[in-house]
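> Below: one structure in structure tokens.
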Amino acid sequence: MNSSFHLHFLDLNLNATEGNLSGPNVKNKSSPCEDMGIAVEVFLTLGVISLLENILVIGAIVKNKNLHSPMYFFVCSLAVADMLVSMSSAWETITIYLLNNKHLVIADAFVRHIDNVFDSMICISVVASMCSLLAIAVDRYVTIFYALRYHHIMTARRSGAIIAGIWAFCTGCGIVFILYSESTYVILCLISMFFAMLFLLVSLYIHMFLLARTHVKRIAALPRASSARQRTSMQGAVTVTMLLGVFTVCWAPFFLHLTLMLSCPQNLYCSCFMSHFNMYLILIMCNSVMDPLIYAFRSQEMRKTFKEIICCRGFRIACSFPRRD
């Protein structure tokens, strides 16, 4: 970020949060629009819920050997990214609250460094989320259209290498973000990466579902076991499509905010949109909360494992859940 962008970004957070502490609807002096008051407790609550949910997802994948497949390894990577963005948003909210209430007094330069770290964590999480979604999409593509060769193409070692590569790349992006935080080109690269990755994912899914239509008759002609595997693969593709849709809806306002801040910071309508920055952070955290619910809604194996972890850890004798056919 350049200095003016960075200071406006930080001041917007501070002003919005300060308004939340004094009342629900406080007009920002630098904006003609009223800020939507969001209590600090909302950020903390969503952060805790997201953290617990995604820990549950990771625990379920580790616990259940039936979930030890490349797709669920990539889902685990996505859950880590969701945890990271929720934790960074929650910690940033706590820091702003402490600064506004004079419980924490530190130099402005150090505040900027802290803000850079939080922004870097958000940068890492969004890149990791996009890369994990792309990896899941490619996995589903291979599962559907190269079913017989799937286990030779997507091995556990190869999926582990992909995940390691994703997080190495994301960590590198985070380091670059901190080192060149004064440059608007960093933000421009992040925005470009988001829309390019989104275009790539949407194109892949359109291609996937168009090809899937031609496979419907083939699936009907397959033996029962093969047909069931193909339908399961298609269900997995639908699940990832839901994840992509939620990701787009929840993250798009944030990136539109960044785009407007670079392109028209003085425009009246742009200022109105940017005055609701905290709402866009809430949407990002909602994405982290909703992803585990989608896993549970779409996967019977996940639901069963969630029940075992939640209910049967301390009450193994009392809790017993019949298996569904």
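Including glycine, each Cβ sits where the backbone N, Cα and C put it.
Quick paste from Swiss-Prot:
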TOPO_DOM  1-37  topological domain 'Extracellular'
CARBOHYD  Asn2  N-linked glycosylation site
CARBOHYD  Asn15  N-linked glycosylation site
CARBOHYD  Asn20  N-linked glycosylation site
CARBOHYD  Asn28  N-linked glycosylation site
TRANSMEM  38-61  transmembrane segment
TOPO_DOM  62-73  topological domain 'Cytoplasmic'
TRANSMEM  74-97  transmembrane segment
TOPO_DOM  98-114  topological domain 'Extracellular'
TRANSMEM  115-138  transmembrane segment
TOPO_DOM  139-155  topological domain 'Cytoplasmic'
TRANSMEM  156-179  transmembrane segment
TOPO_DOM  180-186  topological domain 'Extracellular'
TRANSMEM  187-211  transmembrane segment
TOPO_DOM  212-239  topological domain 'Cytoplasmic'
TRANSMEM  240-265  transmembrane segment
TOPO_DOM  266-273  topological domain 'Extracellular'
TRANSMEM  274-297  transmembrane segment
TOPO_DOM  298-325  topological domain 'Cytoplasmic'
LIPID     Cys311  S-palmitoyl cysteine
LIPID     Cys312  S-palmitoyl cysteine
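Situate these features within the shown structure.
Averaged across the topological domain 'Cytoplasmic' (62-73), pLDDT for the predicted model comes to 90.
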> Mark yes when the transmembrane segment (156-179) and the transmembrane segment (38-61) have three or more Cβ pairs under 8 Å (sequence separation 6 or more) and no when they do not.
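No, since the transmembrane segment (38-61) and the transmembrane segment (156-179) share fewer than 3 Cβ pairs closer than 8 Å, they do not count as touching.
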> When you scan the chain for residues with a C-beta under 8 Å from the transmembrane segment (156-179), skipping those not six or more beyond its ends, what do you find?
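Distant contacts of the transmembrane segment (156-179): 68, 70, 73-74, 77, 116-117, 119-121, 123-125, 127-128, 131-132, 135, 139, 186, 190.
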> Ranking 187-211, 240-265, 274-297 by Cβ pairs under 8 Å to the transmembrane segment (74-97), which is first?
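Looking at each of 187-211, 240-265, 274-297 in turn, the most contacts to the transmembrane segment (74-97) are made by 274-297.
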